[in-house]
Amino acid sequence: MSSAAEPPPPPPPESAPSKPAASIASGGSNSSNKGGPEGVAAQAVASAASAGPADAEMEEIFDDASPGKQKEIQEPDPTYEEKMQTDRANRFEYLLKQTELFAHFIQPAAQKTPTSPLKMKPGRPRIKKDEKQNLLSVGDYRHRRTEQEEDEELLTESSKATNVCTRFEDSPSYVKWGKLRDYQVRGLNWLISLYENGINGILADEMGLGKTLQTISLLGYMKHYRNIPGPHMVLVPKSTLHNWMSEFKRWVPTLRSVCLIGDKEQRAAFVRDVLLPGEWDVCVTSYEMLIKEKSVFKKFNWRYLVIDEAHRIKNEKSKLSEIVREFKTTNRLLLTGTPLQNNLHELWSLLNFLLPDVFNSADDFDSWFDTNNCLGDQKLVERLHMVLRPFLLRRIKADVEKSLPPKKEVKIYVGLSKMQREWYTRILMKDIDILNSAGKMDKMRLLNILMQLRKCCNHPYLFDGAEPGPPYTTDMHLVTNSGKMVVLDKLLPKLKEQGSRVLIFSQMTRVLDILEDYCMWRNYEYCRLDGQTPHDERQDSINAYNEPNSTKFVFMLSTRAGGLGINLATADVVILYDSDWNPQVDLQAMDRAHRIGQTKTVRVFRFITDNTVEERIVERAEMKLRLDSIVIQQGRLVDQNLNKIGKDEMLQMIRHGATHVFASKESEITDEDIDGILERGAKKTAEMNEKLSKMGESSLRNFTMDTESSVYNFEGEDYREKQKIAFTEWIEPPKRERKANYAVDAYFREALRVSEPKAPKAPRPPKQPNVQDFQFFPPRLFELLEKEILFYRKTIGYKVPRNPELPNAAQAQKEEQLKIDEAESLNDEELEEKEKLLTQGFTNWNKRDFNQFIKANEKWGRDDIENIAREVEGKTPEEVIEYSAVFWERCNELQDIEKIMAQIERGEARIQRRISIKKALDTKIGRYKAPFHQLRISYGTNKGKNYTEEEDRFLICMLHKLGFDKENVYDELRQCIRNSPQFRFDWFLKSRTAMELQRRCNTLITLIERENMELEEKEKAEKKKRGPKPSTQKRKMDGAPDGRGRKKKLKL
């Protein structure tokens, strides 16, 4: 630290310690103060007295907190008012010294004239007498001074010169757990300079550079060097509450921090027992808690209001933005890793919160930086830089954190599975009029189509009815029916073998449900975090994943809930299962691992489904990401209308790849190994990055970005022009196919013919009986029919053609021709035998009856002849029994016997699965006398976060009671949950659909089967350990009981 800051300087006049009767904002310490906020109860009582009837409940709390104190209206805090006036004067003077540009904003704000420069009349503005004096004190030295004025100015300058700004050269002594890095010390000095000049600011360092630590260091400086311990408020996302609290205790333990979180009763107790007594310096709370307890927080004069992830207030009309603007604050600080996500108006919203007296008009700001009229103006860019320079500090990892390895992103392009293509086609066909620009293009309709297509790209099981069942099983079909899951199933074993640990992000929590089933099936230990995860469980999962030598391999997170403020630097691989519309959200997700403390190169794998809407979404996000860096790093301006996705652009996204999907119904998934997939993805990623860099160079030179052209121009085609002639284009839907029955051998015989001309069919007698193989005529009949056909060919002089496809074509032709030449006609006995044999088959069984018989065998199993007979319509049980006996005896005579047997065996496997599940449930339930109260489930390390054990117990016991194999059992189970008083207020369980209950029960059954198997193996091991039992004869000789239960007397 510099010499000027070695002894802690005395507090300046504006932050002098206040008397005990002063407001909380004083933050000073004296003989009656213990270092925390003082006068909290007195001020709260006074505020409650003036609040009115609406605050009656809060008045009671205040009365409890300060018994015996008389309610009286407290006078405005003179220290607070003095600090605000001094800061305002210092702020204007500081800004005008930075650049005269701020006179444009400051003078209109002081004069209260029309805010838009277009409405201001030319000429010298009129200034009121009292306002003129204020402006003169700000920096107008051109008028003639009196001697008294000059003396006052010299005294003021002298007093300012004695207050040297504190500047640290090394990590402050009050920072205990470690030392600040060089760039963090510079950031702390910048924050201190803002405070000294009465300026609020934005700390916009890239995610992972320690904005939390720099903020805590600033609050520590306020306490140790300015004697202002608080009260300070830190407003953070719910997911980062615990992290902020632990960071306070770790880095600056002398700061007393408290956390407001909980239900209504817990919050009331916190306000009464913790907040009002004032034994604290910093209050950390979430956005939601702030909104609920705004009436309490408004009663404080906050010294510092810090908002983490400040883009939450980018919309000045949101409820959170309006509430925080109502608070009394001396200083404000915004923290964000993404200072500009969309447009300049959002930047104005942040600046207006920081300095409302400077940036008081959005119209003025928008006119001053008119992106429509001034694009390409170099002076305008310089003007923007000058405006941002005093308020905003942004560093990126590549510039300041040399020890942090750069992250490497690879886009992995995957194909659609057969099921995905069917669902994708179905979604497009439902709105084919939109694709061909014939229907009404409603924006909500287009957004819904986009959402459905994105669900299809992730996994078809996200649609109700897509997953095969019941019963629902967790096995290979979970992987093979999604292209992304196929790649994931190849990638994870490779990463585990390399010793990596993985974060998987997805937009959809139901995708996390599928991934959870997959991890349980593959025995990957995992953690999960989404928007429904309770606060305590969130932190438990983070701690379990980050602890040394943790066995957790996968951490699955929803992008919105798990992408903010969480430190998961113990992972080195990030998998983006799907991409967000806003690329900043994906960047935040990546930086959960790519942050200070990371020692490995972070690899990011972004899954993109090829030739689908996902390609367009990622391309648009890449464009938006480049535009985001323009204002902050490169100085270019973003058109405000650019980031609004229009109907035409959405339509182009939907149309992209539609023709390709319609062209085939087969799967695009290949057996390519993971190394080949990664190599191909890296190559394609490099090509896309090169294309984007070339696309932006001309715009960078001219400080423009023709983003409309950039979005619509792709692969050399202007999609705006294509939209104009959309009516001439037509995406042809797939042809409807007529279903037909084919003989398998004839099909393959025709399909295998390549280019040779078809040989003429061998002639048959004109009156040939229609004989089907499933009618099981006697084999002798087929011999007689063959003899009759050969003789007919002989009579017409038929010559067998040579078949070039056969290996011994000449020999085969000779043998077949010899049969014809030696053929004889049927004699009278053979004709009579033929007629008799034609009556011995199952002539009354047609193809429909045969198909019903096969399906019944598949449904009930070959041994359940009673139920099979009921399934075959128009046949008596005796007829079915007779046919079944012949079928299983002579089934090998059928042409497609392999296909039929596979169908029946699949059905029998399902039956056996149902039996094994029923047996497992019977075994589990049988261990308890009162299973609805006593049953315990062995979750192991993979307990889900959504369902409680009480809910799981009820599901299993009620499923067993209703009957697992009963039809519509899950609909009945859902009704039982709704009727049960036990779950009267369990809205989560009561809102589950039948399919969601099936999936949960399937997971529980898997756990029960695993538990039963482990118990059986344990019992076998114990029996083996005890050794074989003694033989019966030996026991009887030793006096063992006989068959009647008595011991035989031994004769001596």
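For all residues, glycine too, the Cβ spot is worked out from N, Cα and C.
Not measured: the values here are computed from a predicted model.
Of the candidates Lys160, Lys440, Lys624, Lys814, Swiss-Prot records N6-acetyllysine for Lys440; the remaining residues carry no such annotation there, which does not rule it out for them. Looking up Lys317, Lys644, Lys1036 in Swiss-Prot, the residue bearing an annotation of SUMO2 cross-link is Lys644.
The phosphoserine entry in Swiss-Prot, when matched to the candidates Ser159, Ser664, Ser709, Ser755, corresponds to Ser755. As annotated in Swiss-Prot, motif 'DEAH box' covers the listed stretch 308-311 rather than the other ranges in 224-227, 308-311, 540-543, 856-859. Residue-level annotations in Swiss-Prot identify, among Thr113, Thr876, Thr113 as phosphothreonine. Looking up Lys132, Lys691, Lys966 in Swiss-Prot, the residue bearing an annotation of SUMO2 cross-link is Lys966. Mean model confidence for the domain 'SANT 2' (943-1007) is a pLDDT of 85. Closest to Lys966 (SUMO2 cross-link) in space, going by CA atoms and restricting to the recorded positions Ser171, Lys647, Ser825, is Lys647. The Cβ of Ser825 (phosphoserine) has 13 neighbouring Cβ atoms from other residues within 10 Å, across all protein chains displayed.
Across the domain 'SANT 2' (943-1007), the DSSP tally of helix, strand and coil residues reads 46 helix, 0 strand, 19 coil. The number of other Cβ atoms within 10 Å of the Cβ belonging to Ser171 (phosphoserine), over all protein chains shown, comes to 17. Ser825 (phosphoserine) is 112 Å away from Ser171 (phosphoserine) when you measure Cα to Cα.
For Lys647 (SUMO2 cross-link), other Cβ atoms within 10 Å of its Cβ number 13. Straight-line distance linking the Cα atoms of Ser825 (phosphoserine) and Lys647 (SUMO2 cross-link), rounded to a whole number, equals 78 Å.
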